[in-house]
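Features reported for this protein in Swiss-Prot:
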BINDING   Glu137, Glu140, Glu148, Glu151, Glu189  Fe cation 1 binding site
BINDING   Glu137, Glu148, Glu151, Met185  Fe cation 2 binding site
TOPO_DOM  1-70  topological domain 'Cytoplasmic'
TOPO_DOM  121-211  topological domain 'Cytoplasmic'
TOPO_DOM  257-276  topological domain 'Cytoplasmic'
TRANSMEM  71-91  transmembrane segment
TRANSMEM  100-120  transmembrane segment
TRANSMEM  212-232  transmembrane segment
TRANSMEM  236-256  transmembrane segment
TRANSMEM  277-297  transmembrane segment
Amino acid sequence: MPASGAGYAGGSIVPDGRTLVNCRDLHKARDAYQLRDIEATRAAHSLDLYRELTGDHKENHTNTSSDYVKAVVFGGLDGIVTIFAIVAGCVGADLSCSQVLMVGLGNLLADAISMGFGEYVSAAAEKDFVEAEKQREEWEVENCPEEEKREMVEIYTEKYGFSRADAQSMVDITFKYKKFFVQHMMVEELGLMYGFDEPTPIKRGLVMFTAFCFFGLLPLAGFIGWVAAFGLGAEADMAFLMACVVSIMTLFILGFSKGKFVGQNPTKSACLMAMNGGCAGTVAYGVGSLLQLVVGANLTAA
């Protein structure tokens, strides 16, 4: 910790030791920005004021939860679009409900494992790389302090338009707090974030796997119910209609959530995601139907 007692955990330092990310409500700040509501923005930047105005006395923990929300939303979108397209292609090829289920469930499990493992590998590699760069920067700050300070002076003057005197003063002050200086340098020089309370690679992989499985299972739910009611040889048309309704509705909800999460227009994001799923399903159905016609014609000719 810095000698002054001011804390740093990935946000901007404030006088009482909290970080900026902990003394404001980021979700409320984003909502206020969407509405261009100045008073709501001011309230969101003061957690105490926000609680006084709303009566909400719960602690605000945004860093880790945001990572989980991201994994759930994007993993869910991948899962439902992928499996819905597979289901549509199978129905277009005139497969029975049981055949659609076999193909769909097999792909669901395989794709979920692939997505979860890919997220784990990607997160682990990113974490290792950032840690290695942090250790290098710490070594350089310890052994080549003047060179590191000069780099930051150049960044302030060239990137942000500081005068050389102000840049030098800024560097001299921040260099007293080595942990802050290293983290700040990693952001400005390397574009790397370090010091946030992020989920472990294993947790990120498991969340991605679970989200893909859960949302990917929704297009198959109608087929599971249809087979349970009418047997393995049941026609797939009505089950596919149910899958279409469930999938498009879920895509709309996930798209809306994605828009809220990334600060886009939620309704526009919802419509785009629903359109994406609809287009993927339509193309897959068309290809399946075409292949069924070609294969059927060849079998008849034979």
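Glycine too: its Cβ is placed from the backbone N, Cα and C atoms.
Note that the structure is predicted; figures quoted are calculated from it, not measured.
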For the binding-site residues Glu137, Glu151, Glu189, the largest set of other C-beta atoms within 10 Å encircles the C-beta of Glu137
Long-range Cβ list for Glu140 (Fe cation 1 binding site), cut-off under 8 Å, min separation 6+ in sequence, same chain only, gives Glu147, Glu148
Here the mean pLDDT of the topological domain 'Cytoplasmic' (257-276) is 86
Under 8 Å Cβ-Cβ from the transmembrane segment (277-297), and at least six residues away from its ends along the same chain, one finds 80-81, 84-94, 244, 247-248, 251
Going by C-beta under 8 A and a gap of 6 or more residues, the same-chain neighbours of Met185 (Fe cation 2 binding site) are Glu137, Val141, Glu148, Glu151, Met152
Three-class DSSP assignment, Glu148 (Fe cation 1 binding site), comes back as helix
One finds that other Cβ atoms within 10 Å of the Cβ of Glu148 (Fe cation 1 binding site) number exactly 20
Same-chain residues at least 6 beyond the ends of the topological domain 'Cytoplasmic' (257-276) with CB under 8 Å of its CB atoms are 30, 33-34, 66, 69-70, 73-74, 77, 81, 248, 251
Counting only residues outside Glu137, Glu140, Glu148, Glu151, Glu189 in the same chain, those with C-beta within 8 angstroms of the Fe cation 1 site's C-beta centroid are Val141, Cys144, Glu147, Met152, Val182, Met185
